[in-house]
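A.B. asks: As annotated by Swiss-Prot, disulfide bond applies to 1-16, 8-21, 15-36, 17-43.
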């Protein structure tokens, strides 16, 4: 699964537990890649 800065296609891509798929500001299209980033809180 993806940890910090692992690429993810969208929110459905599998980021590790405790991580979420975040898109940069310039990634406006749905097909644009985002990256997994650690969320606050436990898992």
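Placed from the backbone N, Cα and C atoms, the Cβ positions cover glycine too.
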A.B. asks: Find, for the listed disulfide-bonded residues 8, 17, 36, the residue with the lowest Cβ contact count at a 10 Å cut-off, counting only other Cβ atoms.
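C.D. replies: Among the disulfide-bonded residues 8, 17, 36, the sparsest Cβ neighbourhood within 10 Å belongs to 17.
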A.B. asks: Just name the winner among 1, 15 (the disulfide-bonded residues) by count of other CB atoms within 10 A of its CB.
C.D. replies: 15
A.B. asks: Relative to the Cα of residue 1 (disulfide bond), which of the disulfide-bonded residues 15, 17, 21, 43 have a Cα no more than 10 Å away?
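C.D. replies: Passing the 10 Å Cα cut: 15, 17.
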A.B. asks: In this structure, which of the disulfide-bonded residues 16, 21, 43 has the fewest other Cβ atoms within 10 Å of its Cβ?
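C.D. replies: Comparing Cβ neighbour counts within 10 Å for the disulfide-bonded residues 16, 21, 43 gives 43.
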A.B. asks: According to DSSP, does residue 1 (disulfide bond) fall in a helix, a strand, or coil?
C.D. replies: coil
A.B. asks: Of the disulfide-bonded residues 15, 36, 43, which one sits closest to residue 21 (disulfide bond) when you measure Cα to Cα?
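C.D. replies: Spatially nearest to residue 21 (disulfide bond) by Cα position is 36.
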